[in-house]
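Peer 1: Per Swiss-Prot, the feature domain 'Era-type G' maps to 23-190. As annotated by Swiss-Prot, region 'G1' applies to 31-38, with the evidence given as sequence analysis. Annotated GTP binding site per Swiss-Prot: 31-38, 78-82, 140-143, in sequence order. What Swiss-Prot records for 57-61 is region 'G2'. What Swiss-Prot lists as region 'G3' is 78-81, and the listing cites sequence analysis. What Swiss-Prot lists as region 'G4' is 140-143. For 221-298, the entry in Swiss-Prot reads domain 'KH type-2'.
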Amino acid sequence: MMDIMTDHENPAVTGEDNALPTRSGFVALIGPTNAGKSTLVNRLVGAKVSIVSHKVQTTRAVMRGIAIHKNAQIVFMDTPGIFKPRRRLDRAMVTSAWGGAKDADLILLLIDSERGLKGDAEAILEGLKDVPQKKILCLNKIDQVKREDLLKLAAAANEKVAFDRTFMISATNGSGCEDLMDYLVETLPEGPWYYPEDQISDLPMRQLAAEITREKLFLRLHQELPYASHVETEKWEERKDGSVRIEQVIYVERDSQKKIALGKNGDAIKAISTASRKELSEILEQPVHLFLFVKVRENWGDDPERFREMGLEFPRG
């Protein structure tokens, strides 16, 4: 039997939150590329903890966003999109996604309602059949699809996998997200919180800074720069005047890619630096002096050290 939740159908937890036993747990978000996982994590956490772009496979490793809702601390694990891997980096990303799912208390499968169960979604459903954790289905972008089609999509997915609950949401405008959070509070086990109350991510600030610059790189260059690029924070210096000096390197594989990253007269790298510096200053609440360098490192995608920098295991063979 399929249990579907939409807006305002979930009873609220009554009583004072601080009088209730605390709950905590890990929720892994999995799904095809560009299903909206990072957008949803940022929405549920209430702050930006995972980068977002229109490009597929933006998330490369598991990112954790930490939300407090009522008496529960919910740790969301934003995993890379699951797709058919072609390169070594692809294999590492997909392995990371399934590894995140296996480590979680609950698995949330996010499906783009417009794309439905085509392609990678079918393969993910097959892979979920033998996963023992409790599973919920979230149909995203419901404002773009007729309700009749949403119900058909939910039924088709539930025929393949026994989901404990199905939610219809919009990660962009927040529709259905409150009901989702209420359900997670009720479902996660009782126990102490894993992180301090004011912590929203477990990502080191140096790595978060690199992720933000990588996002600006994607947003600025669109389809011009292939995925053979990687950003590392090489220097982080707190200065006496209260500012911070950050030096980052954008690694590419060929000179032609370096020219794209720099842009004509350096216009591209200047725009990327300005956008990244602005966001970093807002996050850190202090002035930021950001210096970006572009270096060619052939076949960096075969370098185990680069994988460790991204938080990925290096696949052998």
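Note that Cβ sites are derived from N, Cα and C of the backbone, with glycine treated the same way.
Note that the coordinates shown come from a computational prediction; the quantities given were computed from them, not determined experimentally.
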Peer 1: Inside 10 Å of the Cβ of K37 (GTP binding site), count up the other Cβ atoms and send me the figure.
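Peer 2: 32, counting other Cβ atoms within 10 Å of K37 (GTP binding site).
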Peer 1: In the structure shown, which of the binding-site residues G31, N34, I142 has the fewest other Cβ atoms within 10 Å?
Peer 2: N34
Peer 1: Could you give me three numbers for the domain 'KH type-2' (221-298), the DSSP helix, strand and coil residue counts?
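Peer 2: Per DSSP, the residues of the domain 'KH type-2' (221-298) fall into 30 helix, 28 strand, 20 coil.
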Peer 1: Using DSSP, tally how many residues of the region 'G4' (140-143) sit in helix, strand and coil.
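Peer 2: Across the region 'G4' (140-143), the residues distribute as 2 helix, 1 strand, 1 coil.
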Peer 1: Can you see whether DSSP assigns K37 (GTP binding site) to helix, strand or coil?
Peer 2: helix
Peer 1: Where does the mean pLDDT land for the domain 'KH type-2' (221-298)?
Peer 2: 90
